[in-house]
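Visitor: Dumping the structure here so I can ask a few things about it.
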Amino acid sequence: MKLWGVILEVGRRDLVVSLPAGLRGFVKPEDAVDSVFCTNEDKDLGTVISADEGSNVPLNELFAEGQMVQCIVIELENVKLKDKKKPSKRIGLSLKLSSVHAGLTIDAMHEGQVVSAFVTSIEDHGYLVSFGIHGVTGFFRHSDRRGAPTMLRKGQLVQGVINSLDKKRNTVMLNTNPDLVASALVTEVEGLTMELLVPGALVNARVQSVLKNGLLLSFLTYFTGTVNMFHLDDPLPGSDWQQKYSENQRLKARVLFVDSRNKTIGLSLNPHLVQNNPPSIGVNIGELCEKAIVRRVDPTLGLLLGLEMEGGLFAGYAHISDVSDDHIEKLEVKFREGRVVKGRVIGKRVMDGLAVVSLKDSKVRQQLVSCLDVYPGMTVVGEVMSVEQYGAIVKLADGLKAICPLQHMSEFELLKPTAKFKVGKKLKFKVLTCAVDTKKITLTCKKTMVVSKLKPLTAYEEAIEGLVTHGWISGIEDYGCFICFYNNVKGLVHRTELGLDPGVKPESVFQTGQVVKCRILRADPSARRISLSFILSPSRVLELHGDGGKTVSVGDEVSGVVTHVSNSLITLDIPLQFGVARAFMKVELLSDFNGHSEQLRSLLIPGHKFDHLRVLERDDQKLIVTSKFSFLSCDFIPSDISQLNSHKVVPGYIASITEKGCFVRFLGGLTGLASVPQLVDGFVQDPFQHFTVGQSVRAQVLEVNLDFGRFNVSLKQSVCYSTDTNLIKGYFLEEEKIAELQASKADLAKMNSIDSIVVGGVIKGVVQDIKEYGIIVDIQNFKDFVGFVTHFQIDSELKVGDVVTARVLDVVKSDGIIDLTLRRNLVKLGHKSNCEGEKAGRKRRRKVLEIHQKALGVVELIKDEYLVCSLPDYGNAIAFASAHDYNIRVDPHEKYTLGQSIEVVIGALPEDSGVGRLLVLVASFSDPTGGLSVKRRKMLRKLNSEGIIHGQVVSVGPLEMKIKVGKNSVGKVHVTQVVDEFQDENPLARYSVGEMITAKILKKSKHFDDGVSSLCYELTLKPSLLGNEDQEESRNCSDTTLSTLSVGQIVIGYVKDVHDDWALLLISPTVIGRLFVLDSSTDPIQLARFQSRYQIGQPVRCRISKIDYGNGKVDLSLRNLDNSSKDEEASEININDIIGGRVSKILPGVGGLSVQIGAHVFGRVHVTDLHDVWKDNPTRDFKVGQFVRCRVLDVSRNEDGIINQVDLSLRQSLIESQLDAAAPSSSNKRPDSMIVEKLEDLHVDMEVEGFVKNIVSKGCFVTLSRKIDARIKISNLSGTYVADPEIMFPVGKVVRGRVISFDCATGFVELSLRRPLHNQQRDETGLITLKELHVGNLVTGVISHIASYGLFISIDNSKIVGLCHISEVSDNHIGNLESHYKIGERVRAKVLKVEEDRERISLGMKNKYIKDLRMEVESNEEEGLVSEQSLGTNISAETNDADEDRDLGDDSNLHPLSTPVFSVFSSPVEPLDVVLDTEENKLTDDTSIEGVNFATTNEVYESSNKRAKKRSKDLREAAIREAERKLVEGDNVPESIEDFEKLVHVSPNSSFIWIKYMAFLLSLGDADKARAVAERALQTINFREEGEKLNVWVALLNLENVYGDPPKEATMAVFHRALQYCDNKKLYLALLGIYERSDQHDMADELLKTMLRKFKMSCKMWLKRIHHFLRRGLLEAAHKTLDRALLSLPQRKHIKVISQAAIAEFKIGSAEHARNLFESILRNYPKRVDLWSVYLDQEIVLGDATVTRALFERVISLDLPPKKMKFLFKKYLDYEKAHGDEERMDYVKGKAMQYVESRLG
């Protein structure tokens, strides 16, 4: 394939060429010029070598960006890109003229032709060039290149126009003037083929047709090419671009590509390309276009945009994948023409003149798009794409990659990449270098460089004396170190500036790759030299000394002053002896409590002084400090790994959390790992759920590895529990600090006044307000504080204004709240302890408080961080305990309850605690293995046990009642927990608000209301449970769950909600059942009022019909409430049940109704079961959604008991008979006729009624009941002629007839609607009856109907209609009866045959019949002659009647198998569609043979002997009788198994009879017998009759495709059997036809794939697949199949497959594509008249006169032999005769005369 392109990039190793359609190709150096100028040694260097000079010539000296080149595709290479899953195609190109000019010779060259050449030599007057053609050279003068900037070099490509050529010397003179080259046109010359066309050629073209996606142009007579929408002459065509072009419009175009293999040519109308210049795109990659206007919307491709930039308006295109980050279903809906959008240029399609634009928000907001957006020193985030030995490839953005070298992957030099670099991981980098020309970006991941805040040095000009910046050591020598900075800026640190002691070697201190901080001493940008120093300026360095000149060490306690506060960091100044040191403290290091850390951060201001800080880490510049009390209160915290001892527990904090565990940090950056199993005592799924960064912890040292400097710790509470009260002590100290900070901003007097209030003291106050969550108390003399009493701390009724004496439980200065208690036992002891002396106080205390003593505490208050407890054994002293420990953070409101007794350990007395409070430690923290004594535990269980309670009703709802229990508790009574037995009304309705009730506790839980917790009790009022003293047994009895329920159980449900079709019923507080609308009643009126019948809370007595334990669903029903059956769902529907239903579907015809009778169960109502009194179209009385009452007639189930089908009846008599047992048993019978349910109830001449089920041309079918259908032949529909059965007997009409015959074995029933004529009496009506007519009678009548096979004559004075067959109408042959006779015309006829049993008469109208009858009357000849005439007429009558009966009597003609008549089933049956090798007429061949007997009798009859005459008469009579017998047998169409058995016995090798036999059995619904017959046929038919056997196999495949179980597997089983006996190809085609007719496209697809693998060289198979796709509308798949076929089939079959595919495209595909196919053939075979003829025929059928005449014009302009031209002119003339006028015919004749004259001339 040859293409025209423009060079985008000239690299060292290849050329990048922009191709049409946005493609890119690559040219290797060895493919850039012809081989004589390229050597193998220089391929990798990207150079070519001149043969003369032998010097290396780089590619950039031979080629330039923007140069237009002609190239040819030489390879398509699969390239696996690391950022893509699927491999991409890399297009390999060649610029060698020997390839581009392949096939071009000196003979094919001509003057004015534009050719390409490359310079081979530079002479004094010009250049010698070569065209890549062996032996042909060229020359052009220097003067042709006047104005050119540079001289040409050897190997450079040029274009020129041939001025002259010398074919003898093989030399060509060129003119390389650019203007001349740009305007030179390709002219039509002899021998010009597609292979000689080159890209870039300028041609005159004419518009042949306007396509949806471009133009079809014709040029140079025989060539056609397409113009894509992107190559029109308008760079921004709108959606109406097609209106600009018209057929036969002339244009200039350039050849874009030539595909000789596929015979396609691409053209371009782009103005720049037409002028032989590359299109200009005035935008740069990465530019953001704020105003991009949508010019055209291509629904499946993208958007054409007009980019309004500073340089003007440019064309851009946004592919559909770049339109939005989200999926867009329809592009044309979201984007309209004229809409303004914002986009970013992400690429260029130079050859298309388009900028590639992305409208994605992510792209628009993207900072980095190209190398132009990247600069050295820039911080970027990239994703690791791959890790190699030399470094890592990093993706910065889509289409933008960088490399992080191995030496920059870590702080120090590495031998291999670190584990930090994982594919897909995002890391932070800094840009080292960025080369825009080579698009190479280098990154560094050295942590110091990345996080450095110092100004990066990126250029020598930026090197200012005194600047301190970071760099890395690139080399170490004895005289100093070489330092490298960004953008390859380098400097030297001299030996004297290294800061080393004399004699110390630099390599012993520093190493290559190490990041260092250095100061610039001197810089010379012009010389690119920088002198550096590792000794920083003294003004910037501060030695950290403490008091007395000692160095401040890690772990020292210092003080500091806040200088700056940010969201995450506190900056402090640490005062030292010789100055101030800068220190930093993260917010999480402020406190051991997260809440306090945030509070302190928000209150801290510059100037605040911290008196106590612990130094965590230090370096030369700064300190890291903390104010955590856990660090300040601890005497020993390790700072070095050597200080660690196993099993030692030390404080620390969480530094970071990963999936592997938590890293715990101590002093000096010492960090240990607590793995996941060592985090807590239980299972850990996610470490983040247990710990947070900065959290204070206690860690136990497990293992220390001094060699690797690593150690592991454990954070398990069981080994790291607190042994002191420092945690709660630190909390209260920080609370004091927070209160001080708040007071400093407010009123300091407020803080001083509150200090007089002592925890545990007694104060007085006035009740100010009573809330649901507690009581507000106004405390005298403390106006800024408020007292608060919870309901738990109240033991008497209070009202607003009451003066109370309360005891202080807690004081929260920061919130201004004083927690109080009004309980007498606490207030009394507190009052006495304050009023009485110490002596009296000591008498009341039973014990004295001592440190580390255990005690029993009662929880009085629960705060977020601590508990307030009273100690009963110590005079109810108030103590404070931490609610959690360092390593476990739990919600105390969930773990503790008010009044709960806990064991505590005395930690610090008030006077020693430092916070004025008694501090205790919860025993479960300090001693996990200990606990309370057995006596104490029993006491707690007694305190917490509950039983019968009394309460007051506070609210009553339909489903729940709330009860107030005590001061701070509430109880709930569910509606299902009130009564034991069913009641008609809601049991909660009897209760009222304020009523006192007694209930029993079932369960208790915690309830939160507005942040205040309270106890909530689940209660029951059931009498059966109130009397049960065993609480556990009561709870079990009331706990109704799914496991305690069973199917069939009667339960009481209370309505919770009612939807459209469902009602939700509460069976228990945890079990909800659902009641379907159809299960609620059988009365249609009640069903229609379903939603209004049920109210919320209404009790319903129902039965459980189904339990779904997996989904937790319970289905309820109101059916069979008195039935104790506990079967599954199927038992809900039984025969004779009366149930409610809803019409879900009205089936067409006489299909009846589909009725829903359950949530997922449907039944059917036969048309005969809709009403008691039948009427036409009975389904019109029903509508979808109507509720009905049904009676179940039959239920069929599968082997698992699941319902398959339910037959229902809506007949009122059947329903009432079931409801009323006293109803007579005969109520199910209709008064005028019996509904026949069984064939045994039928008898001949029995009158029955039915509904017309189906109408065919030969009769109709009637349904008598659910299981019986009957057939009525057209002759039995009426006593008179029936012109149109569909009008007289529409589907759904009620008809009454009598039974003619039936067969109980086969289910066959035949009816007649005609009344028997022999029963009529002429005396009564005065009309002629059938009995009065005899053979030979002459009758008169009127023609009532004319058919193709004869005349129907209504006989005068009777109701009889006879048939005169077309063969008996006249002595001469009549082709069209309607042209000789008219309806209503009176005629005379002779009775030829009378069939009383079938009530039919055959007539004859031949003249000889009338004449012979007159002769008989006049001459009164002998009786034998009359008998002879009678026999003869009978033969004719039999023949005529047989013709009629043959049409009607054949079951396959009368009723197609798709609508079976005699079967009791209603499933569809597909026809046995078989194309037989022997047609039906073979069965009647015997009748035609009998003519020989007539010939022999005629010879005998010629004898004049009287005896001979008599013998001849006898022979003729015998022959007539034999013919009559055979015709009668032929007329008797087989209607039973015995008839078919006789036929197959006579003709065992006839597949036609066997298949008819199968069809007959299928019509009876017996598929198994049909299979057996097929197997018999395969065994019986002679093995030589391969065609007959194939027919039977195909019929069997048809059968299994419909009746197989399952059809797919059964069909394939038969198919594989048949492959062993039949022609495989024919069998595959037959099975394909079966699948296609039954619309099994998936099976057809699979079969076609197999066929193509098996018959790859078969043209028919490929065409079958093409037709298959075309019929389904899959045009693209059909086109691809044709391409595959051309690759697989031999060359000799290409014309056939292409022409047949084109014909199929014309008929059912794309006419445009069909034309392209024909054009591709005729381009190579222009003299194939047969192809032209077929092409013309298809266009004629298509009906486009303009296109057809244009094609004729092309054809008659061909240079063909006269004989072929005569055929074409005649075809043209015939076309104009049919579609044109006289003027067009004269025109064609004139063209023919011109051709003749040209040939003669």
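Just so it is clear, glycine is given a Cβ too, placed from its N, Cα and C backbone atoms.
Pasting the feature list from TrEMBL:
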- 1427-1439: compositional bias 'Polar residues' (COMPBIAS)
- 1440-1450: compositional bias 'Acidic residues' (COMPBIAS)
- 1-96: domain 'S1 motif' (DOMAIN)
- 112-177: domain 'S1 motif' (DOMAIN)
- 200-270: domain 'S1 motif' (DOMAIN)
- 286-360: domain 'S1 motif' (DOMAIN)
- 377-446: domain 'S1 motif' (DOMAIN)
- 466-535: domain 'S1 motif' (DOMAIN)
- 647-716: domain 'S1 motif' (DOMAIN)
- 760-823: domain 'S1 motif' (DOMAIN)
- 946-1022: domain 'S1 motif' (DOMAIN)
- 1136-1211: domain 'S1 motif' (DOMAIN)
- 1245-1314: domain 'S1 motif' (DOMAIN)
- 1336-1406: domain 'S1 motif' (DOMAIN)
- 1421-1452: region 'Disordered' (REGION)
Visitor: Pull the DSSP breakdown for the domain 'S1 motif' (1136-1211) and write it out as helix, strand, coil residue counts.
Guide: 7 helix, 35 strand, 34 coil
Visitor: Per DSSP, how many helix, strand and coil residues does the domain 'S1 motif' (466-535) have?
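Guide: Taking each residue of the domain 'S1 motif' (466-535) in turn, the totals are 10 helix, 35 strand, 25 coil.
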Visitor: On average, what pLDDT score does this prediction assign to the domain 'S1 motif' (760-823)?
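Guide: PLDDT averaged over the stretch: 87.
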Visitor: I'd like the per-state residue tally for the domain 'S1 motif' (200-270) from DSSP, helix first, then strand, then coil.
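Guide: Split into helix, strand and coil, the domain 'S1 motif' (200-270) gives 7 helix, 36 strand, 28 coil.
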Visitor: For the domain 'S1 motif' (760-823), name the stretch out of 286-360, 647-716, 946-1022 with the most CB-CB pairs under 8 Å.
Guide: 946-1022
Visitor: Per DSSP, what is the residue tally for the domain 'S1 motif' (286-360) in helix, strand and coil?
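Guide: For that range the per-state counts are 10 helix, 42 strand, 23 coil.
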